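Colleague: So TrEMBL has the following annotated:
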DOMAIN    173-282  domain 'Pentatricopeptide repeat-containing protein-mitochondrial'
REPEAT    121-155  repeat 'PPR'
REPEAT    156-191  repeat 'PPR'
REPEAT    192-226  repeat 'PPR'
REPEAT    227-261  repeat 'PPR'
REPEAT    262-296  repeat 'PPR'
REPEAT    297-331  repeat 'PPR'
REPEAT    367-401  repeat 'PPR'
TRANSMEM  12-33  transmembrane segment
């Protein structure tokens with residue numbers, strides 16, 4: 001008897017395996033469809049119910065992936081994944097499972113599933129490649145592509161695009177990536193925007209900015225309209241090199257090309273401007289965002305607040321929280337940690353406590369790092385009783401203390417004990433005795 005049968009999750013595992021097998025065989029999810037269960041649903045000859053699809057309720061890839069992910073998590077915990085994967089399946093079912101395994105970082109199981117198949121199709125080979133790339137097993141991914149060719153399976157545009165990603169983003173072999181694109185064109189497959197964007201990003205990461213612009217020009221020559229995802233890595237590289245004026249010109253060019261910058265593009269520029277101390281320009285960009293066709297997010301303001309704080313403009317930094325709330329932007333843990341750091345520097349204990357309370361009101365659960373920042377400052381100010389009170393509040397809210405937390409609390413207790421002993425020793429009664 002297999003060892004996993006005796007585990008506490010064994011009963012659940014057997015049920016889970018049966019349920020997922022049933023689902024993969026074509027269960028059409030009546031709850032999703034909001035229709036009564038139909039006895040005419042076929043399970044033997046369909047990967048998903050034909051009835052569900054003809055009625056306009058096909059299960060989406062995201063839903064399928066989510067359900068597979070949940071079940072595979074349970075199988076991992078019960079050590080019964082191999083039992084489930086050993087069952088023979090059709091390529092469409094294997095591909096679905098391999099995608100989920102790849103997203104979970106389990107490339108070995110995805111590869112094992114590929115090896116079990118008699119006749120894997122191009123989708124299965126491509127998914128196995130992607131799973132290996134996600135796990136940093138780059139040369140194995142390259143080998144799988146070669147095996148696919150040797151098996152007589154012709155690569156499609158997606159398989160070629162994954163190979164381009166491997167060469168440009170991971171192995172940094174840009175000549176090889178360029179050669180793959182040329183092969184695609186010769187065989188009638190046109191690289192899409194994603195393929196070119198991947199190559200641009202890889203070139204920018206290695207500082208090959210001129211080559212990245214060459215790829216961008218090639219896209220335009222081939223009548224492909226780049227998107228914000230394509231151009232943002234170039235913006236990042238320009239800002240890193242301190243060529244902010246050039247980056248701003250590129251933003252204008254993006255609009256003229258029909259690919260308006262998105263919030264990520266602007267956040268890159270905001271970060272560079274803050275680092276350069278150009279806060280007036282940042283304020284101008286944020287205030288004109290709506291007219292420019294984009295809206296700032298929490299990252300935009302976190303970057304701005306951090307920049308203001310580092311420049312000593314603490315009052316202006318604190319104002320940004322109110323502006324965020326006025327714009328119905330939810331502050332994040334990062335936002336509050338930056339603001340807590342500012343208030344602690346200013347020794348504004350009352351405001352720190354109010355901000356901690358406010359964090360609970362807006363639904364943000366701070367961690368031990370946040371509390372340690374505040375308690376350290378309180379300790380430095382000699383507010384040892386406040387440290388202990390904050391420690392109790394931390395435990396009450398379910399925040400787990402770490403080693404640094406306990407060190408701060410022990411130091412506070414020691415200091416309080418020293419104060420009490422000093423008062424006892426120095427009291428009039430003890431003074432007379434001495």
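Heads up, the Cβ atoms here are built off N, Cα and C, so glycines get one too.
Note that the structure is a prediction, hence the values are computed from the model and not measured.
Situate these features within the shown structure.
Modeller: Each residue of the domain 'Pentatricopeptide repeat-containing protein-mitochondrial' (173-282) gets a DSSP state, and the totals for helix, strand and coil are 84 helix, 0 strand, 26 coil.
When Cβ-Cβ distances below 8 Å are used as the criterion, the repeat 'PPR' (121-155) is approached by residues 91-92, 94-95, 98-99, 101-103, 105-107, 110-111, 114, 162-163, 165-166, 170-171 of the same chain, each at least six residues removed from its ends.
Listed as Cβ neighbours of the repeat 'PPR' (156-191) (distance under 8 Å, sequence separation of 6 or more from its ends, same chain) are residues 122-123, 125-126, 129-130, 133, 136, 138, 141-142, 145, 148, 198-199, 201-203, 205-206, 208, 211, 222, 224.
Beyond its flanks by at least six residues, the repeat 'PPR' (192-226) meets 157, 160-161, 164-165, 167-169, 172, 174, 177-178, 181, 184, 233-234, 236-238, 241, 254, 257-259 of its own chain at Cβ-Cβ distances under 8 Å.
When Cβ-Cβ distances below 8 Å are used as the criterion, the repeat 'PPR' (227-261) is approached by residues 193, 196-197, 200-201, 204-205, 207, 209, 212-213, 216, 219-220, 268-269, 271-273, 276, 278, 293-294 of the same chain, each at least six residues removed from its ends.
Tertiary proximity for the repeat 'PPR' (262-296) is limited to same-chain residues at least six positions away from its ends with a CB under 8 Å from its CB atoms, namely 228, 231-232, 235-236, 239-240, 244, 247-248, 251, 254, 303-304, 306-308, 310-311, 313, 316, 327, 329.
Listed by sequence, the residues of this chain that lie at least six past the ends of the repeat 'PPR' (297-331) yet keep a Cβ under 8 A from its Cβ atoms are 263, 266-267, 270-271, 273-275, 277, 279, 282, 286, 338-339, 341-343, 345-346, 362, 364.
Taken through DSSP, the repeat 'PPR' (367-401) splits into 26 helix, 0 strand, 9 coil.
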Colleague: What counts of helix, strand and coil residues does DSSP assign across the repeat 'PPR' (297-331)?
Modeller: 26 helix, 0 strand, 9 coil
Colleague: Check the repeat 'PPR' (262-296) for me and report the mean pLDDT.
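Modeller: On average, pLDDT over the repeat 'PPR' (262-296) sits at 96.
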